[in-house]
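Down below is the structure, laid out as structure tokens.
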Amino acid sequence: MSPRPQIKVGVLGATGTVGQRFIELLAAHPYFALHALGASSRSAGQQYARVVRWKLPSPIPDAVRHMVVHECRPDAPGFAECGVVFSGLDADVAGDIENAFRAADLVVYSNAKNYRRDPLCPLIVPLVNPSHLSIIPYQREQLGLKKGYIVTNANCSTTGIVVPLAALEKAFGPLDTVIVTTLQAISGAGYPGVSSLDIMDNVVPLISGEEDKIEWETNKILGGVTPDNKAFDLHAPKQINVSATCTRVPVIDGHTGCVSVKFARSPPPSVAEVENAFREYTCDAQHLGVPSAPAQAIVVHDAPDRPQPRLDKNLHNGACVSVGRIRECPVFDIKFVCLIDNVRLGAATSSIINAEIAVEKGLIQ
């Protein structure tokens, strides 16, 4: 069997923290070949290594070191030949730029929040709901496009929470109520991020806009697509009641969530049944065998003091969710602690796995 031809890809926001992670993950990817880099007008026309303030522990990949950076425009050199464009743009500029690329009939897989609530755009956590890609033909039809569309991945904390919630709904039916408190790493604020005087020896009990994202996104992700593949049902007929409190803690990478769950069914499952549901959970990314999918979607920790960001965030190359401290909840039914690598599965890795799945489904060529 002949090897799969690589698909040319571009990265928008290539010099930023998410863009750097995209480049690291794509530099030696079996499906994709880096072909175009986009950044601000200040960086345009220069070699990537000259304009980027590289913040990852690995070196700048040789494949991109001497690539010329262009402005984030669909008519800039290289982008028209790309089968997919990955966006690591900040939300304050992502909306118009991503829409321009889609309007130019290009495929965009975005880490930004701008189109997560769009009724035509899938909001996909690759370990949960790639079935939502079925709305893409309708998105194209509504916008008069042949190839172009936008897919977004979720907020980084939402991603870590909905994977275990999806396992619970798959095994035991609908959830009624979820309360979560997050302890979010400083890397989630980007670079330079939170002032050291604000975060050292401290916990900041507010991340602006974060709680609303978790509360809203959960139902779009865990819901389905209508039978005609033209809308998202947002977990109809009964949405999950979700209440989130989000805090920033002095951890570099790794978002932790403390989750309490009430099931719609009565009696609820036992702790042992919940633990088994987490261990047995598998997802479409694994079944399709895409290269960035984790061997385990959920890693269950038996030690009473795990998961911990320092020890567990890198499991399965940061592409899984860790779960531990599964126990009965005296207020609801079950409570547990979950952990996600916010800079990988919580960001660039999700977009890449989403695109890998789309390749297997014939939605990227």
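Glycine too: its Cβ is placed from the backbone N, Cα and C atoms.
Of the residues ASN317, ASN342, Swiss-Prot places ASN342 in the same NADP(+) site as THR15, GLY16, THR17, VAL18, SER40, SER43, LEU89, ASP90, GLY188. Long-range Cβ proximity for THR17 (NADP(+) binding site), meaning a same-chain Cβ under 8 A and a gap of 6 or more residues, is found for LYS55, GLY88, SER187, GLY190, TYR191, VAL343.
For the pair formed by THR15 (NADP(+) binding site) and HIS255 (active site, proton acceptor), distance between Cα atoms is given as 23 Å, rounded to the nearest Å. Residues THR15, GLY16, THR17, VAL18, SER40, SER43, LEU89, ASP90, GLY188, ASN342, recorded as binding NADP(+), reach a greatest CA to CA spacing of 27 Å.
The two recorded residues, HIS255 (active site, proton acceptor) and CYS156 (active site, acyl-thioester intermediate), show a Cα separation of 8 Å.
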